[in-house]
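As annotated by Swiss-Prot, substrate binding site applies to R137, R168, D255. Residues or ranges marked as Mg(2+) binding site in Swiss-Prot (evidence: similarity to another entry): D255. Here Swiss-Prot flags Y175, K222 as site 'Critical for catalysis'. Among the features that Swiss-Prot reports, transit peptide is placed at 1-35, with the record citing sequence analysis.
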Amino acid sequence: MFSLRTAQPAQSLFRAATNTYSTSLPRSAIAARSFATVQSDIFKPTKYGGKYTVTLIPGDGIGTEVAESVKTIFKADNVPIEWEQVDVSGLDAGNKHSEDLFKESIASLKRNKLGLKGILHTPVERSGHQSFNVALRQELDIYASIVLIKNIPGYKTRHDNVDLCIIRENTEGEYSGLEHQSVSGVVESLKIITRAKSERIAKFAFSFALANNRKKVTCIHKANIMKLADGLFRSTFHKVAESYPTLETNDMIVDNASMQAVARPQQFDVMVMPNLYGGILSNVGAALVGGPGIVPGCNMGRDVAVFEPGCRHVGLDIKGKDQANPTALILSGSMLLRHLGLDEHANRISKAVYDVIGEGVTRTRDMGGQASTHEFTRAVLDKMESAL
């Protein structure tokens, strides 16, 4: 795997980024900046006049509120980014305006190569409408989802010493969108697993593990029942593992993995899995360390990288109430900055967020506090100013 900015192997860049962890920041705040491809350096973010142009898709629900928090913090820190905002919504999916905005968001991401994204709502009751979130990942082939699950210092949860990474294949599996009603009352839904994409995500997971000084990679599957589909994923994983003899490997059935994650999450390091299992275990993992409001994530492809909260929660129930926790999107934005090599900005912003949470004075309701979104953002800004 190579850097997105140079032909230098990304491993050294990962390590350079994670070195900061030893000072004050959790490793989740020091996520590696350059892991879009395991093949070649073809990633060229757009930069004009000394600034990077980044696509911003606030998303539905609390998206606009937390996106404003990120924009305010980035502006205060003079981050060299210009936002190209596209207000696409999944709530209005199906009408021409919404479809046009979705196409505009795709074009923007193809042009800029980088995006910061909230979560787009997918109506459960609307038949025939594919999730915009899934369609975007498939259209751009951003095949690897990375969710970083780690305790925040000073914020006590049920488990201590949790530090794991969930890597999820983003473009096939049960999310292929191939389902139909053959006769009334009988639905067929197709799960697609290919050797090529299983191999690609396995190589990504092993490369990520090496680059971030991780020790073990676990394959999550249901090959005891889906012997062909998950059997192919599992066997491909073990074949790829032969090229990484320094890493410990094992595999685990998803039912057991869910139980083990709740009972003893410390046993996991890097976990790689098909699409559906990744969605489930990302949410389980978030619950271990404080909930969806604090877990950052990103989606990587060969040409485009999109950073978004690790748990794909829309938050329609608290929309407009100034109650949302912006931490997940802020930290996802910090990951984006490291991806660009803007480590100084990323470190300053991440440290301020973790210091505010660690002090316990200004926390949003999901973390047991009473602070509003604006109050939390103001506290982060104050921390950044006091550090100068």
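Cβ atoms are placed via backbone N, Cα and C, with glycine included.
Mapped onto this structure are the features recorded in Swiss-Prot.
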residue	record	DSSP (3 states)
R137	substrate binding site	helix
R168	substrate binding site	strand
Y175	site 'Critical for catalysis'	helix
K222	site 'Critical for catalysis'	coil
D255	substrate binding site	helix
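Taking every protein chain shown into account, R137, R168, K222 are the recorded positions, and of these the Cβ with the most other Cβ atoms within 10 Å belongs to R168. Within the same chain, the residues at least 6 positions away from D255 (substrate binding site) whose Cβ sits under 8 Å from its Cβ are K222, listed in sequence order. Straight-line distance linking the Cα atoms of R137 (substrate binding site) and Y175 (site 'Critical for catalysis'), rounded to a whole number, equals 11 Å. The full span of the recorded substrate binding residues, R137, R168, D255, taken as their largest Cα to Cα distance, is 26 Å. A separation of roughly 12 Å, to the nearest angstrom, links the Cα atoms of Y175 (site 'Critical for catalysis') and R168 (substrate binding site). Just so you know, the Cβ of Y175 (site 'Critical for catalysis') picks up 23 other Cβ atoms within 10 Å once every protein chain is counted.
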